[in-house]
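Working notes, structure below.
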């Protein structure tokens, strides 16, 4: 008799409530290559043993419920249940544990991040026996990742489309983010691209408001792109935000962008949802559009250390759902992001194979096989003095995005773009000559400013601007 139809008549049904750990805590279990593995930070309620808490997470995120049910006998729980197979205390934290859970692959629909998250981070996060719960990391088996298209194009294809190699790409978010007319918005796009940037960007909440409807914005931005390309001889782009109230409207906007001949569109993947994002990613691959992803709302989910979901999980999910760029923090700017932790999930976005490394917050070895990589975007409170650090931290396969750091230049938008391009070219040249960007960065920028008045003016404006705050979410102590 098959496991799917096997009954437990020989055992008999016994109604009632029993501890989760009797069924779902299995420290002897050896994980399979096909299992999805999860690392949860568990804070049990007082009096709840860690084994019971970990087992409860495994149960409530897979086959379990609060009481024994008769229909358990109509299937094989051993085949389908999640298993808490290891628990370790968190060093330096009281009553906090990392619980490792293995999920059989058959629990998940192929190619659906939506279904994966509905199971793993669904109801269990409101479970009363837990004071707090955080999903720290996932191991996605190759047998599951191969059911996803992933990024529409990936890093190498994007470079080939843009014909730009050997340096980070430069971007700028148009400010003020709300209130500009479509024509004035397009003017700012043109000035920034003409000044030397590769991309400009809609902000995450620019959709289709009364002051600037999406179609008008798309048309004026396309005009700006073509004019800047003609004058500079470089391929340019603007992230046209296709995010909308319905999937149908979102695709309609992407179709219009394709008809205009622009190279890239944008989506807010958390507020828009994974189903919408995956649909847009498939459209972009089929129609030759790059896809920029904004992570608006991520800090609601990932900023608190004890509860929610770490961004490295959201980053993996985005790579599976599909996107060619995603915002990933800056380390040095105004937004949250510890260096080693940020570099950990940057590698998870870009690389094919990433080894387990707890010093960078990576709980599992991850093999993406042939799935294309995602370019991390550094954006938020950065300016020309940050350029050496950003170039050193993120390397060539990145987008460095200066919004206020371009449009806030005292001479205007185009000079702001010139300043950033000169600073970047100086840093890349210095690095290629063997200079130490971390140690000599300020001197490299000062030297470049001697022959670039635009850069000199930018250096003067932002010479004392720093964002010196401790990150809320830090790596755990190792001992």
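Using N, Cα and C of the backbone, Cβ positions are placed for all residues, glycine too.
Here Swiss-Prot flags 175, 294 as active site, proton acceptor, drawing on sequence analysis. According to Swiss-Prot, the feature substrate binding site maps to 123, 173, 177, 295, 327, 379. The Mg(2+) binding site feature in Swiss-Prot is assigned to 201, 203, 204. If you look up Swiss-Prot, you'll see 3 marked as N-acetylproline. Marked as N6-carboxylysine by Swiss-Prot: 201. According to Swiss-Prot, the site 'Transition state stabilizer' annotation covers 334, on the basis of sequence analysis.
Across 123, 173, 177, 295, 327, 379, which the record gives as binding substrate, the greatest C-alpha separation is 37 Å. Residue 379 (substrate binding site) falls within a strand segment according to DSSP. Summary for the recorded positions 175, 201, 295, 327: the Cβ-based neighbour count within 10 Å is maximal at 201. Cβ atoms within 8 Å of the centroid of the Cβ atoms of 201, 203, 204 (the Mg(2+) site) belong to the same-chain residues 173, 174, 177, 202, 205, 206, 239, 241, 266, 294, site residues excluded. Considering only the recorded positions 175, 201, 203, residue 295 (substrate binding site) has 203 as its nearest partner by CA-CA distance. Within 10 Å of residue 175 (active site, proton acceptor), counting C-alpha to C-alpha distances, fall the following of the binding-site residues 203, 327, 379: 203. A gap of 6 Å separates the Cα atoms of residue 327 (substrate binding site) and residue 294 (active site, proton acceptor).
Using a 10 Å Cα-Cα cut-off from residue 204 (Mg(2+) binding site), the recorded positions that qualify among 123, 294, 379 are 294. Across the structure, residue 294 (active site, proton acceptor) and residue 177 (substrate binding site) are spaced 14 Å apart at their Cα atoms. It is 177, among the recorded positions 177, 294, whose Cβ has the fewest other Cβ atoms within 10 Å in the structure shown. The two recorded residues residue 379 (substrate binding site) and residue 203 (Mg(2+) binding site) have their Cα atoms spaced 11 Å from each other. For the binding-site residues listed here (123, 173, 379), the lowest count of other CB atoms within 10 A around the CB belongs to 123.
The 10 Å shell around the Cβ of residue 204 (Mg(2+) binding site) contains 20 further Cβ atoms across the protein chains shown. Between the alpha carbons (Cα) of residue 177 (substrate binding site) and residue 201 (Mg(2+) binding site) lies a span of roughly 10 Å. The Cβ of residue 203 (Mg(2+) binding site) has 19 neighbouring Cβ atoms from other residues within 10 Å, across all protein chains displayed. According to DSSP, residue 204 (Mg(2+) binding site) sits in a coil region rather than a helix or strand.
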